[in-house]
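*Asks:* Handing you this structure, nothing more for now.
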Amino acid sequence: MTVDGRVVAGRYRLGRRIGSGAMGVVWQAHDELLYRTVAVKQLLLQPGQTEADAEEARRRAMREGRIAARLQHPNAVAVFDVVDEGDGMPWLVMEYVPSRSLSAVLEEQGTLPPQEAARIGMHVASALAAAHAAGIVHRDVKPGNVLLGDDGTVKITDFGISRAQGDSTVTATGMLAGTPAYLAPEIAKGHDPTPSSDVFSLGATLYAAVEGVPPFGLSDNPLALLHKVASGQIEPPRQAGPLTQPLLSLLSSEPTERVTMVRCRDALGAVAAGQPAPPMPIPQQAHMPTVATNAQRPAPMATRVEQRPVGGPSRSTSTTALPPVRPKGQQQSGGMNRGALIGIVAAVVVAVIVGVIVVSNQMTGNRPDNQGGGGNAQAGGSTSTTTNAPAVTSISRQPVTSSPDESVQQQTITDFYAQLPNNAQNAAAAYLSPDFIGGADSFVSQMSGLKSVTLDNIRPGDFFFQADEHLVSKDGTKTVQPVGIGLKWAGSQLYINKVQNLGAAKPES
């Protein structure tokens, strides 16, 4: 039955239908009391809900609508009214924004330049930061809920709608409502959403904007994709440029390792303005599945993002202990919502992965040590160099008295790798910053199990480079490990302050 021309709540006359999805149907409408154009959305009951569930959903929708109406922000679609017509789910009356969704733009264009994606993300983060300050969690940040106006306006819509309709990823019939591609891992496991969940979902949205696909990829099987989301394993970004470091921080699988939405907004604003992003924490450990076989040992799993004081190898003396890296299956505590069904299924899959990782770590230790690869590898090139450094030699470096450009940064990395693994201890003393994430002692220890390291496919960024390590362990096992290498200019010297696994290592013949 058509509803064109229907008057809702005695004042909102429905016009053309302008959108629809799993959550509801949206019409452009005319407010006959205030003589303005509005958007009216009728929320839909989810399949398989009992009458009691439907009644609870109606009450929740009214409550969430009132909560959303409290948020007034230039980058959030305003909620004007919530109406119960008594014939199903309530209607939300919202600000009408002539626009296209980010998902529609990406479907047409494929990707956006990193700086434009950062501009969009900055505005969305600004609205979400205000929402979090007001105690509101969006719960469903994704490209389809980001509206782009013809005048450059950016607004996020549908605050609290997923909560209003039952707060579950899986419906009562066991079917997924919408795509899980932008969910945070803890949500895929059935935990309650938090502001940190919105941070991850915004990161996933911006990742899709620059890479063309979500960080967990695409799948015709939503349950399989949900399991992948629960594992926290993302494909490292390849086209993000200056957005790379902020994205990696937003997309940490551990909620406690993500930045706040305020810091996210500031970092994205800097990238949008063409400035370096402020330093942001990078996840301590890449989240990658490991399958042990007789022929191949697990990929290196150590947390390589930590460093020790410059000035000589020493035992860790830092008084600020970094939080331990938990196995992938463990998450922050949180109440189980009505998506617990899929949380149980996902937990089983993740538990298998964790079991393999724990066993393999007990057998092989953290990660084999790397041997130096150096030379003058060109950014983005495929040329690689392996250098077997002299057994143990002291290293003296020239000071870096002016802000180092890209070539100086890359040369520092290649010079450092040229000393590995044979001269790892002296290299750590000379090149690793005092706040090297993970500690230099740990890094040196990791080097002791390697026969050689080759660094190639170097991709420069702003004090953060991506590259591929080709590792040969002392037993002859060969792997390729994508890494991120962070640099820090301080005290007239350029240091390496993190070496981070960006994805799963792959066997190399």
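Each residue, glycine too, has its Cβ placed from N, Cα and C.
Straight out of TrEMBL:
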BINDING   Lys41  ATP binding site
COMPBIAS  379-389  compositional bias 'Low complexity'
COMPBIAS  390-409  compositional bias 'Polar residues'
DOMAIN    12-268  domain 'Protein kinase'
REGION    294-335  region 'Disordered'
REGION    365-409  region 'Disordered'
TRANSMEM  340-359  transmembrane segment
*Asks:* What's the number of neighbouring CB atoms sitting within 10 A of the CB on Lys41 (ATP binding site)?
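*Replies:* There are 26 of them.
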*Asks:* Under DSSP, is the residue listed as 'ATP binding site' helix, strand or coil?
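*Replies:* It is in a strand.
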*Asks:* Restricting to the domain 'Protein kinase' (12-268), report the mean pLDDT as a whole number.
*Replies:* 86
